[in-house]
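For 8-81, the entry in Swiss-Prot reads domain 'KRAB', with the evidence type sequence analysis. Here Swiss-Prot flags 215-237, 243-265, 271-293, 299-321, 327-349, 355-377, 383-405, 411-433, 439-461 as zinc finger, drawing on sequence analysis.
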């Protein structure tokens, strides 16, 4: 009994975009589209299709987009027992085709197909016989004609309605390995936006994930659906860096990384905030900046529910709970939870204070201290108390001042339960309990627990009497 014949076209495994829709795709989506189309063709070949097809590619020119016609014939030779086919030449040409597309993308061509490749393949026909079984052969002939729509980068304006042309009668007589899955085509119209494009690509991506990952990296064992993805991954192991900066000779493994890096030299800041007009060199920086206006803090600590604008800030905060201090001083072995703390600590060993005031040349170990110091030159006092109208140079000073109005004393001694408005007052008080006397008189060697006590004591040696009576002008050493 003759096996059934059916009509198979490349449309059964293609997604089609109009020229306008293609322009909406970003480079990552175009790369995904290319990989999917090549994988579909590879699948047709791997199922036993003898192909002789010319894949003419196209490019954008000043006269417009050049249309290309793909013609060929796909004949499928299948048997009851599928033989061992030799597709090395086809696979080689497919890889060359992929490589040429990637090269054109790197060179900045809008439509990256620029050359003509011929994919030639032939299947070696074998007669397979089991004991007592006669060979069963049949041909599933199909006409493979593509007028730009078969690799389907572009399609004329208007709706695209691609109906499934494949029909197989008596499917029960065909084995599972001999069937090609027939799925409905997607209907695309111009009024569909990016959501549709993403959805159609997502559908293809979900299919890819269901397939076996047959391209495996020997170094790491990681597997990929496509050989092109494997080659990109292998660059990591090989140390191959293809894109070099002309200014500083720094090299990058991705073209987009180089483009982003070049903005450091050019000063280009293409991303602008609509709220305040501030510009940024990277989109991610603008995204973070927007959160200053919106107040959004999407990163939340699971331990204390504190929220942060940036993931890096959350990671640093988590070390408070874990006690992790990954940054170690090579001089003294002291460890710190944040890299900035280590950098400031190193100034103790080097004596270097990297943050210098332009007005008075005074230097500081911390950038925040320099910012606070600069206000002394400008006289700016931007922080105002709502209760009494007094203004302050620093927010921390205003916070402490407010406690005079509220009576709040948040700092409590663990020994005697006495409370204080300021942390410095608590630190001085603790010396009463532990007997610590940090301040020593250079004249007599007497020590004191507080700096004020030492200052008053020194007047006994100097004879200084700064406290003067307003009535009789008599002076005293102590107030």
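Glycine is treated like the rest: Cβ placed from N, Cα and C.
Tertiary proximity for the zinc finger (327-349) is limited to same-chain residues at least six positions away from its ends with a CB under 8 Å from its CB atoms, namely 316, 319-320, 365-366. Count of Cβ pairs under 8 Å against the zinc finger (411-433): among 271-293, 355-377, 383-405, the largest is for 383-405. Remark: secondary structure over the zinc finger (327-349) totals 11 helix, 4 strand, 8 coil, with classes taken from DSSP. In the zinc finger (411-433), the DSSP tally of helix, strand and coil residues is 11 helix, 4 strand, 8 coil.
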